[in-house]
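What follows is a short report on a single structure.
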């Protein structure tokens, strides 16, 4: 009965309204709205009530109706319901709607313009969705709206000027979108607005002065944009403003003194702009100010004395400016409330004043990256509220006081890179809240105190590079939260404490480069989270404990250079290895099959052990393997066929084993192979011709085997080969003429074989031969080719123990580079010229016909008799032949001279310029430039001049310290880059230069720019290098060029592209340093030399060019100009050594990596006069939050969390590359490994989303 009554009442109420159309309209509209909203089928449907069976829609989830009895929908609150789908235009039909909240869902698509029909709307909340498109300008008609919050979406385009019509607006929140364009000056008409939130967009242009009219404004934040211009003084009129945040923009000029008139201001952040000038004293008048952050600008002068009187100030952050002076003794004289004082990187000098102890409320003190000297004052340890103390990168000295025990709230103690010495006080045990202890690169000595184990909150300990001695305290095992223990490069002795196995959170354990002994404790097997185990360069011994098999998360292990033995099987529990190094130990037994389970393993080093058995076939499963070193073991059997699947192999070293069988023909399928070392084994049979398909081979060492047959002509295919060692085999037959094609050979050893025939004259074509030419202990006959004397770099020549005849060519004696010469035990004769006297007699023994210094003097009479014995007829014949030969050569030289002179003048013409239209002629047009095979066809001088309009400026695409670069589009459709070298000499006539450039031209790598050819004109002083053209310019252009044509490109240079470029750069440098023999030092790595092809792949240019030019210039040439164009990239040691090394290249590469991530130039003004990019990155990387966030180029934002992590990892690698000491920098190969690790794990974060 009761339900029936209720139903009748409900019907009467509705019929009494007389408004069935209105009811049906709102009901129908709600049902239509629902059609565009999608709920998660895995969860309870929050809109299950929204259906036509339930016409009481006022009770539906999120629906609110008015209380007038008309049942009109006035509010829809669907926030946080996990909705997907889109916003339906039907929302615009709720005529009486006052409040619409669709925030915190996953809605996509545009904001419908139909929402502008909601003329009664007072609040519109669409924030935290995935909405796209532009903000509809029609929203400017919502004149009753008070709160408009549509941020945290994917919205693009400009902020509509029509929003200035919303005169009742109190809150406008458009943060965290992708909005562009200026802040509309029309927003200055919003006189009632209280909150204007525009941060984290791409807004640009100046801040409109009209915003000073928004008199009710209490919050204005436009941080994380691209705003420029000056801060308008009119903002000083905002007397009600409490929060002003303009951080991370490009604002310039001085800070207006009028900002000191905002009497209610509590928070002011202008950090990370380009502001300059003095800090206005008027800011001290802001009596309510609690936070002042002016860090990372170009501010100068001293900190105003008045700041220390601001009684309400809690946070003062002035880091990374160009301030001067020292900390005043008046600090905190009238302000004991200061909690955060951050003055890092402000060029402070002098000592830390004892008066700092007056800041009794101080929680964070950061004075790092300055020039502070003296000791840490005892009074500093009276700041008992301190949680963070950063004093690193100064020149502090003295000891660490035991009074540090007073700082019982301390969580971060960072003192690295100072000159602190003495013992680490045992009183540190009182710091029970300490989480991070960084003391590395100081002069601490003595033992690490046992009491450190009482600091039970410690997560990271880094004491690398000190003089700590004694044993590692077992008490460290009590640190249950520890994830980093880095004690490398100290003087620690004794065994590894078994108690370290209790540190179950350890990720990195690095105890390398000490004097540790004993065995590895079995308790290390409990370190289940361990990722890196570095124990190399110690004296550890014994078997590996079986428990290590439990370390399934290891990615890097290095136990090299110890005395360990037994089996390595306990290390094979992980299938996540990236690098595995146990070289130089005494490991025995067979190589475990399980090593093949780490499919991302890049480098496997097992050399110099006592491993036995066969090479595991399972290694063929490691498709990422690039280096395999099993040298100096006792391995037997054949090389397993499965290794043919490791297509990325670049280095194979199996030297000094007992491997047998023929050399596998399938090795020829490893197209990336650059180094093959199979020396001192038991390989037999002839060389497979397939092996010579490995055209990237740089080192081929097969000596000490039983290989036979002849050396095939196909060896000439190995044009990149630097080292060829076939010593101590059974090769026979003659030396192939194709050997002369190995023009990059640095070392050639063919001794102790059975080679016959004459030494081919083509051997003289090996102009890069330097280390050795050893043909000893063979059966070579005939004369020594005089062409050997042209090998101007050769240091060792051994032709001993052959059957050579004739004289020793005088040109050999003229070889200035030759240090070792041995032609003993041949059948040589004649008189040695005086040039040979610099070698000992042993070099010529066993040649009965030889005489002269350093051998016995020639018998003049016997010599004359022998000459007479030739007969007068012979002498006449020989003289006649010599005379005719000399005349013939003279005629040939004269003819060639006139021909070249004729061709030259036909090429350059006779006008005032070298490149007139008359320069083309039938003969000249067919004279090609030198080229290295990279071009489609011969490139002619005239082609280049025509394509560039005689090197006109309109075709110039770049310039630098070495010259200008032009783009040349040739008639054959090919595009090349032409570099005009600014050098006064005719470089191409310099044989040394010509040889070096030809060598560089033969270098091929996917991340190096190909040098295609060169030419010069002596009369015009022009030297041209022809390079492969890179369509997308340099990474410098993309990061720093302000031309409008690049604006769209900047948006395309996303994090994925930048990371790929960073890896490509590192791979190019690694190739130069580790895969070229001899290694090539680039000398001028910078972002403008990192070029991008059409696929945005990185190619390093100008490699080797600086060295070639500086070594081939006259004494008046200032070679340092090669570094003048690279300021900001130069390693610090170059300033005093003036010597470029691989480690100085690594430093320059580190700077480029920082540039790629931060988007800043190495000399960016944000660093200040006394701080460089390295210290700036280091300063911000070591702190969390906004300071770290500013390291990432704003153009990359927003990034996903794991992308930000990857960016920070790249910066950490860059910091390692830019260590002050070259010895502490990684090799380019190690840096490349680290970057590849970041790149290969870049998608891991997607799985967590």
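Using the three backbone atoms N, Cα and C, a Cβ is placed for every residue, glycine included.
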Annotated N-linked glycosylation site residue, as Swiss-Prot has it, among 558, 990: 558
Listed range which Swiss-Prot flags as transmembrane segment, given the options 877-897, 898-918, 919-939, 940-960: 877-897
Cα-to-Cα gap, residue 822 (N-linked glycosylation site) vs residue 779 (N-linked glycosylation site), nearest whole Å: 15
Intrachain residues whose Cβ lies under 8 Å of the repeat 'LRR 21' (576-598), provided they are six or more past its termini: 536, 552-569, 604-622, 629-630, 635, 1233, 1236-1237
Nonlocal neighbours by CB distance (under 8 Å) for residue 248 (N-linked glycosylation site), same chain, sequence gap 6 or more: 223, 224, 225, 271, 272, 273, 1189, 1190, 1194
Candidates 309, 334, 406, 565, 779, 1071, namely the recorded positions, that fall within 10 Å of residue 1129 (phosphotyrosine) by Cα distance: none
Residue counts (helix, strand, coil, in that order) that DSSP gives for the repeat 'LRR 22' (599-622): 5 helix, 5 strand, 14 coil
Outside the repeat 'LRR 16' (457-479), six or more residues from its ends: residues with CB under 8 Å to it: 411, 416, 424, 432-451, 485-503, 505, 510-511, 516, 1224
Cα-to-Cα gap, residue 77 (N-linked glycosylation site) vs residue 334 (N-linked glycosylation site), nearest whole Å: 50
Surrounding residues of the repeat 'LRR 8' (264-285) on its own chain - C-beta under 8 Å, 6+ positions past either end: 218, 223, 231, 239-258, 291-301, 303-304, 306-307, 309-310, 317-318, 1165-1166, 1186, 1190
Collapsed DSSP category at residue 309 (N-linked glycosylation site): helix
Segment confidence, the repeat 'LRR 8' (264-285), expressed as mean pLDDT: 95
Euclidean distance between Cα atoms of residue 406 (N-linked glycosylation site) and residue 565 (N-linked glycosylation site), Å: 48
